[in-house]
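Chemist: Structure provided below as structure tokens; questions to follow.
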Amino acid sequence: MLNERTPLISSGVCGLNVATAACGAKADTTPDSGSDTPTKDPRQLDTFFGVMVPTILSMFSIILFLRMGFVVGHAGLLQGLLMVFVAYTIISLTILSICAISTNGAVQGGGAYYMISRSLGPEFGGSIGLMFFLAKVFACGEYVLGLVEAILDVFGTNPDTHLAEGFRLLPHGYWYKVLYSSVVLLLCLIVCLVGAHIYSRTAFVILLIVTASLLSIFISSVAVKPFDFIITHQGPGNETVQYNVSYTGFSTATLKNNLDSGYSLDYSTNTVMSFATVFAVFFTSCTGIMAGANMSGELKNPSIAIPKGTVSAVFYTFLVYVLLLLMVSATCSRTLLIQDYGFLQKINLWPPFVTVGIYCASLSAAMCSLIGASRILHALAVDHLFGMPLAPATITSNSGNPWVAVLYTWGLAQCVVFAGELNSVAAMVTVFYLLAYAAVDLACLALEWASAPNFRPTFQLFSWHTCLLGILSCLVMMFVINPVYSSGSIVLLLLLLLFLHYRSPTSSWGYISQALIFHQVRKYLLMLDVRKDHVKFWRPQVLLMVANPRSSCQLILFVNQLKKGGLFVLGHVQLGDLDTMPTDPVQQQYNFWLSLVDKLDVKAFVDLSLSPSVRQGTQHLLRITGLGGMKPNTLILGFYDSCTPDDYFLQDSAFCSSSLGQGSEGEYNFGVDLPSLQAHFPPVRHVESPRSLSPEEYVGIVADALKMGKNACLARYFFQLEGEDKESKVDGSERTIDVWPLNLLQPGSRDYEDVCSLFLLQMACVLNMSHKWRRARMRIFLNVETESNDQGWVVNEEAFRELLKKLRIRASIKIVPWDTVVQHHIQPAGEPKHTLSEDFLSAVNCMLLEHSAQAAVCFLYLPRPPAHHSHSQQYLAQLEAVTNNLGPTLLIHGVTPVTYTGL
């Protein structure tokens, strides 16, 4: 169904507009730290330093040097290459989505979070952004643990004797690992507090060192001669286990032995490996594809730098991984690969080359994750999605460095290192990243399916097929790796979605949901064929004309219950001539009316018209309101009388000044706050105020509706209807809905089954079925003349009871003798045929007051308006006299069949 409370599409939903960016310009140019000095422009990085270098270093990390042998040893070369291709297929599909989104407008700080939030809205953006932040935090902890593992491999005490030998001075043990990890994290914190710009410059030096280390590995595979050596490990029972391992150099026999898989016990975790666990470890090496995107706040031109730098970095790392897998498979025995993760140091011409490469790659990956996570957290804080807990994270230094967000991230990463082992964290990191990548693909898919004209990225190498395939591949691999972690992460995502749905303020970013709704609604409206309408599926589709909502709010709330899931439109006519005006004044009013709809919490559209007269404007609305099969079939008007209704704005607490300032922090109200809403609608009209509508014009509107095949309803005294806040004080079972299906102004008519009477019954039944009126009792009053000898009314009563049974309407029938009323129905001499005596009108009013004075709402038969406009005032006077002091009353004249007794 349509979202009936909001426009179908908001402008700018697809373009990542700089003007509406809450986390970019605001985060990087506003010194939240309280300094009055001008801030420096943080956008200083180009494609190479800002995107390629951090992406390459993030993707190499610790896995390149310490887990490639682990992959080949357990999975074999064939499955290892399969893992590479699967992983790079997933990230390549995600990269296509990243490139498409990032080239569709200006990308601000926050990287992936900014892309998702500005594409899918705050709920999805905030929840996925937090998940991506957690992925970065876990990855940072993983890289630190890997670095500590490499440090202990070189400088740790002898694992057999636990004694210091030469440079092996660092003791082993769980708590020692936590201590060393904390020291390394502290070093990363100091660098990140200095700023991302210094890191990005030093990162290039780190990349040169890592590249030199890689070159030494490939050169050593040719230069180093084959040799055998012994590896010792401490077994599960604290016994010492020795393995004879071989470095064979390039050998076809070694390559053949390493082709197939050989999953066995992992000596670091003492668990048996499988395809899923090995892939989870390897995939963490591919999770750095957004390292450049996360630096978007520091990039000179992120829309160009992100796609160009990311694609180049991924292609480069793919070649390195494939070549390294082939080299390792052809030169090392399987036992060596499984039992020694640091074997690349032992087979190198100069082992310190690899050692320095490991330290640099791990340290840079950890710092890159720390910086990227802090930028995401800062963007979340600036957007006020999680309220006060993240409020301090908005603070930045004069250079734009979010140092408080860095401290937040460091603290969480410190918790991660308590896992103690790299392989223990890998599965969680991979699941979080896969979920974030699936969200990026979903964002691009939604933009593509929405077919909005403003979605025209300069990067064209993508389609909805690549987005959908990326989503499915991410979700499948998540559950292959770890079903428990995957299910838990999705549950966490859903909980965050629900939290943000109810917590987050309305934003000005543009909602992709609105574009998708528009796309789907248009398709289904075309399928909604009016020629296929059937009476058994009829429902009220109401156009409620409102002059001033200050006096009509109770009626608006009532009609919202009466519509039974049908169309509900608030109509308003502003008097004027567009020819004499520079602009259309109606367009400026829509936000006020839509804000009123939000405030009243009703499911209604708004349609406004500019016309020289109210009657002409109402005709226009009756003709053009709605679309396709969703057009109003019922017109409801407030009653034309001289009473002064209450001002609802002065009664309801939601509209009082005491409710000011209760909105959520950072709430976007579409330019209409509460004082503006109150000021826009004028005070309630007093009796002596001039009317903009004459009696003839008012009755003409009713006649026009009937001529156009619309049902007409006149609502009186609905300002006396108890509000929803008061309904809880009254037992719903005590309320009654009274229905008088006979035309009381024509006593000679005894037809209770004409179209109008049945329509009246149907409307009362619809109200009784609504949530607020479900416990109310429905009473139907049958007027009979008992003094005549004709007992036909008894037969009519039985027939009417049978009709109610066929229509499945549960109501009690009350027989009301009205002989004393009918006797006053005497045509005054010399008066027109339609003229009724005042005694008769007064008698009818007394009869209604006697039986329905305490009714919550009363439904009456509305006679057809007179043919000539000269009788309009008399017609209104009769209706006013009949309903005088009756309470909330709805006079109804139906022209369409609405009841059905068949299946």
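Every residue gets a Cβ built from N, Cα and C, even glycine.
Note that the structure is a prediction, hence the values are computed from the model and not measured.
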Chemist: Can you check which of 272-293, 844-865 TrEMBL lists as transmembrane segment?
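Modeler: The range carrying the transmembrane segment annotation in TrEMBL is 272-293.
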Chemist: With DSSP helix as H/G/I and strand as E/B, how many residues of the domain 'SLC12A transporter C-terminal' (554-640) fall in helix, strand and coil?
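Modeler: Helix, strand and coil residues of the domain 'SLC12A transporter C-terminal' (554-640) number 37 helix, 22 strand, 28 coil.
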Chemist: What is the average pLDDT across the domain 'Amino acid permease/ SLC12A' (50-543)?
Modeler: 84
Chemist: Is it true that the transmembrane segment (349-382) and the transmembrane segment (488-504) have 3 or more Cβ pairs under 8 Å, skipping pairs fewer than 6 apart in sequence?
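Modeler: Checked: the transmembrane segment (349-382) vs the transmembrane segment (488-504), no contact.
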Chemist: At least three Cβ pairs under 8 Å linking the transmembrane segment (431-450) and the transmembrane segment (48-68), pairs spaced 6 or more in sequence?
Modeler: no
Chemist: Pairs 6 or more apart in sequence, C-beta under 8 angstroms, 3 or more of them: is that satisfied by the transmembrane segment (272-293) and the transmembrane segment (313-337)?
Modeler: yes
Chemist: May I ask whether the transmembrane segment (462-481) has at least three C-beta pairs under 8 Å with the transmembrane segment (48-68), counting pairs 6 or more apart in sequence?
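Modeler: These two segments do not touch.
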